[in-house]
Every structure is written in C-alpha cells, then in structure tokens.
Amino acid sequence: MSDVSGKVNLLNFDHKSMREYLESIGEKPFRADQIMKWIYHFGYSDFEQMTNINKKLREKLQRNCIISAPDISEKQVSEDGTIKYALKLEGGQEVETVWIPENDRATLCVSSQVGCALECTFCATAQQGFNRNLSMAEIIGQVWRVANDIGATRIAGTRPITNIVMMGMGEPLLNMKNLIPALDTMLNDLGYGLSKRRVTVSTSGVVPALDMLKAKIDCALAISIHAPNNKLRDELVPINKKYPLEDFIAAAGRYIEGSKANKQATIEYVMLDHVNDSTDQAHELAHALKGLPSKINLIPFNPYPGSPYSRSSNSRIDRFDKVLQSYGLTVITRRTRGEDIDAACGQLAGDVFDRTKRSVINAAKNAEISSLKNQPKADTISIKVV
C-alpha cells in the first residue's frame with residue numbers, strides 16, 4: 001500500500017479498507033468518509049485543505065500518508081474533442097487513458113494493466129506484451145487525474161465524467177485484486193457515485209474470473225467476441241483455446257442473470273476486412289448468441305503500424321449489420337473517436353510502449369552499473385539487459 005516515499009497511498013483504499021486503516025491508526029472510522037469526499041468530490045491531495053478534519057489528524061496524515069495518482073506525461077487532443085493521456089507510473093512505465101466527450105455524456109476509458117498478456121492479434125496493446133498489473137491507486141488514479149485535469153470534480157460543476165469503461169490497456173479480469181476496489185470507489189457515493197449501468201467492465205473471456213466478478217460486484221458487462229466460431233476465435237483471441245466461445249457466452253449469461261446493472265450484455269465485435277465480416281459469419285454469430293440477451297457493437301478496425309489487418313468497408317459492415325438485425329438483434333456500429341491521435345479502440349500503446357521500453361532498459365542499465373560499483377574488483381560480472 002506504500003509508495004516509494006514509504007507513505008501509505010490513500011488511493012489504494014476503497015471505502016471499507018479506508019475505514020479499517022483509520023481505525024488501525026487510532027481514528028474514528030467516520031473520518032474515512034470525510035477524507036474520501038475531499039479526495040474524490042473535491043479532487044484534493046493536500047491534507048491541509050481538508051478543513052473539517054482536526055489539525056492533529058491532518059498532521060498525522062501528512063506524516064504517514066500520501067494521495068498520489070499517476071502524473072500526466074503527455075496529453076493529445078483530437079479534432080473531435082477526444083483527449084488521450086499518457087500517464088507515468090512508478091518505475092517509468094506508462095499507460096494510456098482516453099476521455100471521450102459527447103453531447104450528453106463524457107466517457108473515460110481506463111487501463112488495468114501495463115500491456116496485455118492475451119495476445120489478441122488485432123490489438124496494438126497486445127503487441128506490447130505484458131509488463132505488470134496496475135495497483136488500485138493506478139487504476140482509480142487515472143480517473144482522479146483526468147477529472148482534475150478537465151475540472152470534472154463535483155464541486156467544479158463543469159462537464160463531469162458520466163461513464164467509465166474498463167476498456168483501456170490490459171485485461172481487467174486478470175487484475176481482479178485491484179479492479180474490484182477500484183470499481184467500488186467508482187460506484188460508491190463517497191467516491192465518484194456513478195450508477196452501476198455507467199461503469200462497464202470489458203473482458204476477452206477469462207471465464208472463471210467472470211464468475212468471480214459476479215460474486216463480488218455488479219456493473220455493466222461488455223464481452224469481446226470478435227469471431228462467430230471457435231476456429232477463427234482461436235486465431236484472433238488465443239485465450240479462446242482455454243475458454244471456448246460457448247463457455248464464454250454462457251458465463252456472460254450467468255453474469256447478467258439477476259444483475260441490476262445489465263438487462264443485456266454488450267457484444268464487442270471488431271470488423272476485420274474479409275476475416276470475420278461476411279454475411280455467412282453474421283448468420284453464424286446470430287446463432288452463437290441465441291439465448292443471450294445482448295446488444296452488438298460493431299467496431300470498425302482501427303489500424304496501427306505493422307498490423308496485418310484492414311478495416312472492413314462500409315458496405316460489408318452494413319450487410320453484416322442487416323443480417324444481425326434480421327434476427328431481431330440490436331446492432332450499433334460504433335463511431336470511431338480519436339483516431340487521429342491513436343486513441344481509438346485497439347490502438348492504445350504506440351509511443352507509450354517505446355517510452356516504457358526505454359525507461360525499463362535504462363533502469364536495468366542503471367541498476368547493473370550500481371551493482372558493478374559495489375562489487376570487488378576481482379569479480380567478473382555478466383550484464384544482460386532485457
């Protein structure tokens with residue numbers, strides 16, 4: 001829970017653990033409620049600004065605690081108003097977060113990991129490989145940092161963050177330990193107070209974790225399918241070899257059963273030209289989804305350097321859409337946002353990968369140089385930078 005300063009980062013606590021921490025240092029648990037309001041409603045990180053907390057406690061917090069979110073290392077604004085943030089983490093790694101304003105809402109796309117281990121062949125993040133899970137502070141800190149940057153605290157009263165989607169870098173369900181308390185803070189009235197239907201977790205098919213999520217928290221669900229059968233999905237989404245499509249769809253059905261956040265699951269389907277976009281495949285997809293209450297988001301593929309795929313033509317997308325609608329399915333073709341700054345779906349990584357890789361290599365070199373200085377002269381040391 002501590003950062004490099006040795007202080008406890010309060011962004012690593014949800015409401016329950018914040019109360020437990022305050023009790024552990026001899027304070028009344030209601031103080032946690034006050035502190036959370038200052039952090040998330042006002043966007044404060046300075047304990048001296050928390051004026052309804054007595055001076056003695058403020059001084060104790062100042063000595064032992066910190067409110068630390070990832071810093072903005074780069075900010076790019078798209079022609080359509082979308083903003084992509086590169087946020088710097090401890091250790092020099094970076095993740096990307098995207099704020100997408102629309103007429104009646106503003107959605108924040110949040111990352112859960114540095115890189116991703118699932119190796120989906122059409123996704124830029126997957127090409128980066130997996131580095132590590134984000135801490136709770138690094139997940140909720142993305143929301144806190146962007147909210148402060150755009151002035152979207154409750155007190156400011158400006159354009160708020162109305163929706164959060166866990167659709168950034170990484171597979172959220174492979175970081176359950178830190179995802180759950182972060183989601184709780186997004187939903188809790190002492191945190192961001194969003195409704196269950198406005199916080200969405202997207203998964204590519206970690207079936208056991210999806211069942212665990214149901215037992216832990218109720219929020220909106222999006223499932224990334226991208227293929228109508230196991231043969232093609234094995235190629236596009238390799239985790240399908242472990243958890244086949246029919247098991248994934250069944251798990252989604254179990255999740256939305258009894259859910260107050262979901263009347264239906266959102267199906268994410270990236271449109272790859274002449275790969276998964278034929279009318280025959282549309283029929284096959286409709287049959288695969290039979291029995292699952294769902295709406296389908298068709299996502300035009302967003303190209304990135306080195307990708308072997310192309311975006312489906314509008315005519316192929318339209319034909320695919322019409323076939324699905326003929327089965328009575330609700331279908332939406334997602335409008336691509338932030339493409340000019342590589343902030344669109346499937347594009348997150350880019351320069352962040354290059355900077356992260358350089359920072360890791362430099363850190364490794366510095367560590368090896370330091371160890372060399374501390375070794376006896378007679379020793380022979382082999383240095384290998386990965």
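Cβ coordinates come from backbone N, Cα and C, glycine included.
Fair warning: this is a prediction, and the values are worked out from it, not measured in the lab.
Feature annotations, courtesy of Swiss-Prot:
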- GLU96: active site, proton acceptor (ACT_SITE)
- 102-340: domain 'Radical SAM core' (DOMAIN)
- CYS109-CYS345: disulfide bond (DISULFID)
- CYS116, CYS120, CYS123: [4Fe-4S] cluster binding site (BINDING)
- GLY170, GLU171, SER202, SER224, ILE225, HIS226, ASN302: S-adenosyl-L-methionine binding site (BINDING)
- CYS345: active site, S-methylcysteine intermediate (ACT_SITE)
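Overlay of Swiss-Prot annotations on the structure.
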residue	record	DSSP (3 states)
GLU96	active site, proton acceptor	strand
CYS116	[4Fe-4S] cluster binding site	coil
CYS123	[4Fe-4S] cluster binding site	coil
GLY170	S-adenosyl-L-methionine binding site	coil
SER202	S-adenosyl-L-methionine binding site	strand
SER224	S-adenosyl-L-methionine binding site	strand
ASN302	S-adenosyl-L-methionine binding site	coil
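Averaged over the domain 'Radical SAM core' (102-340), the predicted model reaches a pLDDT of 94.
Here SER224 (S-adenosyl-L-methionine binding site) is positioned 20 angstrom away from the residue listed as 'active site, proton acceptor', judged by their C-alpha atoms. Remark: of the recorded positions CYS109, CYS116, CYS120, CYS123, ILE225, the most isolated position is CYS120 (fewest other Cβ atoms within 10 Å of its Cβ). Counting only the Cα atoms, the space from HIS226 (S-adenosyl-L-methionine binding site) to CYS120 ([4Fe-4S] cluster binding site) is about 10 angstrom. Around SER202 (S-adenosyl-L-methionine binding site), taking its Cβ as the centre, 21 other Cβ atoms fall within 10 Å, counting all chains.
CYS109 (disulfide bond) falls within a strand segment according to DSSP. Proximity to SER224 (S-adenosyl-L-methionine binding site), defined by a C-alpha to C-alpha distance within 10 angstroms, is shown by none of the recorded positions CYS109, CYS116, CYS123. The number of other Cβ atoms within 10 Å of the Cβ belonging to GLY170 (S-adenosyl-L-methionine binding site), over all protein chains shown, comes to 30.
CYS116 ([4Fe-4S] cluster binding site) sits 14 Å from SER202 (S-adenosyl-L-methionine binding site), taking the Cα positions as reference.
Less than 8 angstroms from the CB of GLU171 (S-adenosyl-L-methionine binding site) sit SER112, GLN113, CYS116, ALA117, LEU118, THR203, SER204, VAL206, each of them six or more residues away in the same chain. Looking at CYS120 ([4Fe-4S] cluster binding site) and GLY170 (S-adenosyl-L-methionine binding site), their Cα atoms lie 11 Å from each other. Largest CA to CA distance in the S-adenosyl-L-methionine binding set (GLY170, GLU171, SER202, SER224, ILE225, HIS226, ASN302): 19 Å, whole number. Separation of the C-alpha atoms of SER202 (S-adenosyl-L-methionine binding site) and CYS109 (disulfide bond): 11 Å, rounded to the nearest whole number. Rounded to the nearest whole angstrom, the C-alpha distance between CYS109 (disulfide bond) and GLY170 (S-adenosyl-L-methionine binding site) is 12.
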